[in-house]
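To keep things clear, I will list the structure first and then write my remarks on it.
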Amino acid sequence: MDYSHSQQEVSDLENGYDLLKPSNKEVLSGSRTLQNVSSSIMLIIALLSEYVVGTIEAASDSWGISVSFISIILLPIVGNAAEHAGSIIFAFKNKLDISLGVALGSATQISMFVVPLCVIVGWIMHVHMDLDFSLLETGSLAFTIIITAFTLQDGTSHYMKGVVLFLCYIVISACFWVHKIPQTPTESTQVATRNVAAIFGVTGLVGRELLRRLLSESKWKVYGIARRFESFPTQNLNYHFISCDLLNAQETQKKLSIVQDTGMKHYVSLQQTHNLKQEVCFHEEDCPRASEGYNFYYVLEDLIKERLAGKVAWSVIRPGLLMGSSNRTLYNVMGCLCVYGAICKYLNLPFVFGGTREVWEEVCMDGSDARLVAEQHIWAATNDEISSTEGQAFNAINGPCFTWKKIWPVLGKKFEVEVPQDMFLSDFRFATAMSDNKKVWQEIVATEGLVETEMEDLANWEFLDVLFRCPVKLLGSRKKTDQLGFTMRSNTMESILYWIDSMRNDKLIP
């Protein structure tokens, strides 16, 4: 009786085990799920790693920490967090052999596999890398091996050994904190130093286009300087972004010593007029400054002229009405027009022009495509004949004239908005009509999945009102520029349509 009862219990247990045992389909499904999760995690880590690599130098400049400290001390702590946690847990459980195995395995994998693999992949991608370590790096490696060997040779553990190792790590960290890796003057870097550009205001209309144009040629090493970080970070080995507030003297002195590497200086200056009663203000490239009113750009121009006198060649580039793409520019006519068009379409408002009839019907100003201005900067910087002009000014304007009366209906069609038969309204004020639409713009950004911006980032309604009520005609001559060989032209209508498409591609406007 007892025997049969035991047999029955064994049979029940076996049946229960069979019920709990997962089927082949369940095992296969779980394996696929695990693979999908692992692949997703690997993709996320890869994207985060790419972002971290692209921001190391910017973080170094912003925080005032050397790149060597970030890459050798901080990043390994973050990257090996799981290994550190695992080793500590094993050590707490008195399994030091496993803890040491994890540490040795990690070091072996990095030194014997990851680093050589990176060199090989870099060679395939034509990114030259080597294993030429600096004296501090080699010394730290040797010191680490020696101190670890002496600590572990007797096969026993003690808290004082841990303290010694920790203090040694603090010493090594302090060395890399103050250490800066010197640049070896190789043949490639010697060539590059002859083609170094520093762009102040790299996030602006001309700055962004100048950066794009320079980086299209591998011979340029470019430093981009701006107070705010880039909204669209540029990933390029020849580009280095520096976040710097030029109103902070100490920060400027510390971060901008690289500007000494550049040769010819070029400055974008605006010919600004205030309270003038003339009907036409025609600017020859050799004409004097406007004497009336205050122009902040003249102050900067005089400062540059004073500081650079007799040291380097320099020139002044004077654009007209700039047309380009940026998500934070105070005087950006394209941002104003694009936001105005988007709001008119969203609220089903008529697309009208508010200003004076003279500005509406007559040729009152020159357009300047940011691409043309950038090309003119490069032309002036690489043309030896320009270096002998001793700081003269050059007008950077499209060339062909335009009127808003011809452009407005084309804009309306591009924005897909209602353009009334009578598009001109003299009493229409953009600041009055548009300023209360901040929430509307936020709705448009959310609905269209655009880059998050405030309406004021792209549109300056007061600027648009002043522009379309300008009391004088601001026209320029390209005579000197043409004579010296820069003959590039740009059709203003085509420029406007191009920059609308560019802002759409950047997801700044719908």
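From the backbone N, Cα and C atoms, a Cβ is placed for every residue, glycine too.
A TrEMBL annotation is a machine prediction, not a hand-curated record.
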Write down the single range among 131-152, 329-350 that appears in TrEMBL as transmembrane segment.
-> 131-152
The transmembrane segment (62-82) touching the transmembrane segment (159-179) per 3+ Cβ pairs under 8 Å rule | yes
Going along the chain, which residues at least six beyond the ends of the transmembrane segment (131-152) come within the CB cut-off of under 8 Å?
-> 72, 100, 115, 119, 161, 164-165, 168, 172, 175-176, 179, 181-182
